[in-house]
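Notes to accompany the following structure.
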Amino acid sequence: MEQIREKLKAFVNNRWLVFVCAMWVQSCAGVGYLFGSISPVIKSAMGYNQRQIAILGVAKDLGDSIGFVAGSCCEILPMWVILLIGVVQNFVGYGLVWLVIANILPDLPLWVLCVAIFVGTNGETYYNTAALVSCVQNFPKSRGPVVGILKGFAGLSGAILTQVYTMINFPNEAALIFMVAVGPSIVVIALMFIVRPVGGHKQVRPSDGSSFLFTYSVCLILAAYLLGVLVLEDIVGINQTLVTLLGVLLIILILLPVIIPILLVFASEPSPPVEENLLPKPEKQESGRFEQNENEVILSEVEDEKPPEVDSLPLLERQKRIAHLQAKLFQAAAEGAVRVKRKRGPRRGEDFTLLQALIKADFWLMFFSLVLAAGSGLTVIDNLGQICQSLGYSDTSIFVSMVSIFNFLGRVGGGYFSETIIRKYAFPRPVAMAVVQVIMAFGLLYYALGWPGQIYVTTVLTGLGYGAHWAIVPASASELFGLKSFGALYNFLALASPAGSLIFSGAIASGIYDYYAEKQASLRQPVSGSLLTIPLRDDDSLTCEGSICYSLTCALMSGVCMAAMVLSLIVVYRTRSVYAQLYGKSCN
């Protein structure tokens, strides 16, 4: 009996169980990605025009990204409290929207719905923060895969919730909003006492590699399954019984990773864990590698005094030049010829607070690169319902689910890809960010040029590129600015999405859409004769038809993504020596 009790205790405190439960939390934490399915329902019920829907979209994006409170609270409150706050906000915010759309409450002003959507979507920041902070601390040496998988499930949640909604077969579309309010709340309440830091850095085992491989396999199977279901629904059409069976199979696939902690605890012989450092430290390598001990202030002087061309030299030559400069500084300091400056604040690779990070150029370069690229991707996601309708597609949920699936693959793949280029090819992680920004630029340009299958290509590439950002950037921030204030750092960087969306969706995309909608409406008016003298009103619900509605917007955002790529390459150039120190390699 005592042995069973010990096994259960080990199971509850196993970092892989925490990781799996965090995946389940994230699988319903991305309700904001359902806005493409929710917005047509709100637009129809409330009679809004596209600019008003865009305002709601910006409110949603702000709620999804303003996580200062969540980031600060995770440093002083238990994780279950953080998750509970998210549950309350999600339920209250989207519950109010559902009451209005279902005509249980009278119509409310637009600003009230904006506040409700902001509050409801802001609950996601508490889910994300609790899951990411807990698991990054539990897996400090596997940040790329962990962040990629967790953010991947958040991106996939739109497709998962859509499939569950289809399986339940609600009588009306407004019920989707009800499910968004109730479903995630139930899941998170069930798991909120499990998702937490559990000293995972002391639970490292040789089986971790195979465990991650199994998790990646489940992710790929899950994405392929959802994509296959979408193809069946779109091409063949399936009855409700088969939809229900497919939904049950989906839930089984989502639950499948729990096999990992069960096998680790109950089906394997106990073995002494290997302790893993919670924070990154430079590995000892070649003779030119220096330890950060009592000489740290001299090394700080070396960083200030060395010529810029030293960084571009080959590894051995660079080490010789730095060693020579260091020896001269030691001698000068001993003779009193120079006064060694004491280090002011942390250096990159150490623990920063948010305020300390805000004075670093690298932090702002990453932020503005996200504003341009992630803001462009989010604009496509938020307007996907209207993009599909403008091209003549009546069922927008298929494309919303598709972008969710490739968003998921982008996040999982982005984490794996960025980890690979560090471990195998010695490139800084932001190189991966520059690559995916080029992919996004091509996808947006493809739509702008009106090439065949434009909606499919743009949906796939934008989903992949946008999703990859949210695996690469948090991992990069944790490496450059530490884990101590990771929650606050991550949530500040997350502000980049609504900032970009405010520019590209709230101003540019909606303005261009309404311009062409009004132009098309004015061309149709003479047909009715009696309407010739009736002006268009601001509250009329206008609809634009054809690829022209978003082609100019996509062309502009394609250029913006290339500008973001340039910023990412600047970060690569500035941080290559930091990654060489963190991973014991020469990052070229």
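From the backbone N, Cα and C atoms, a Cβ is placed for every residue, glycine too.
In TrEMBL, annotation is done automatically, which means it is predicted and not curated.
Model, not experiment: these values are computed from the prediction.
Straight from TrEMBL, the features:
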| type | residues | note |
| --- | --- | --- |
| DOMAIN | 15-262 | domain 'Nodulin-like' |
| DOMAIN | 358-514 | domain 'NFD4 C-terminal' |
| TRANSMEM | 16-36 | transmembrane segment |
| TRANSMEM | 108-127 | transmembrane segment |
| TRANSMEM | 174-199 | transmembrane segment |
| TRANSMEM | 211-232 | transmembrane segment |
| TRANSMEM | 244-267 | transmembrane segment |
| TRANSMEM | 352-378 | transmembrane segment |
| TRANSMEM | 398-418 | transmembrane segment |
| TRANSMEM | 430-449 | transmembrane segment |
| TRANSMEM | 455-477 | transmembrane segment |
| TRANSMEM | 489-513 | transmembrane segment |
| TRANSMEM | 550-573 | transmembrane segment |
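The highest tally of CB pairs under 8 A with the transmembrane segment (550-573), across 244-267, 430-449, 455-477, 489-513, is held by 430-449. The transmembrane segment (211-232) makes no contact with the transmembrane segment (455-477): fewer than 3 of their CB pairs lie within 8 A, with pairs spaced 6 or more apart in sequence. Note on the domain 'NFD4 C-terminal' (358-514): its mean pLDDT in the predicted model is 88. Cβ atoms under 8 Å from those of the transmembrane segment (244-267) belong to residues 7, 10-11, 14, 16-17, 20, 23-24, 27, 160, 163-164, 166-167, 169, 205, 207, 211, 214-215, 218, 221-222, 225-226, 229, 238 of the same chain, restricted to positions at least 6 beyond its ends. Beyond its flanks by at least six residues, the transmembrane segment (352-378) meets 61, 71, 345-346, 430, 433, 436-437, 440, 444, 462-463, 465-466, 469-470, 473, 476-477, 480-482, 484-485, 488-489, 492-493, 495-505, 557, 560-561, 563-565, 567-568, 570-571, 574-575 of its own chain at Cβ-Cβ distances under 8 Å. In summary, the transmembrane segment (398-418) lies against the transmembrane segment (455-477): three or more C-beta pairs, each 6 or more positions apart in sequence, are under 8 Å.
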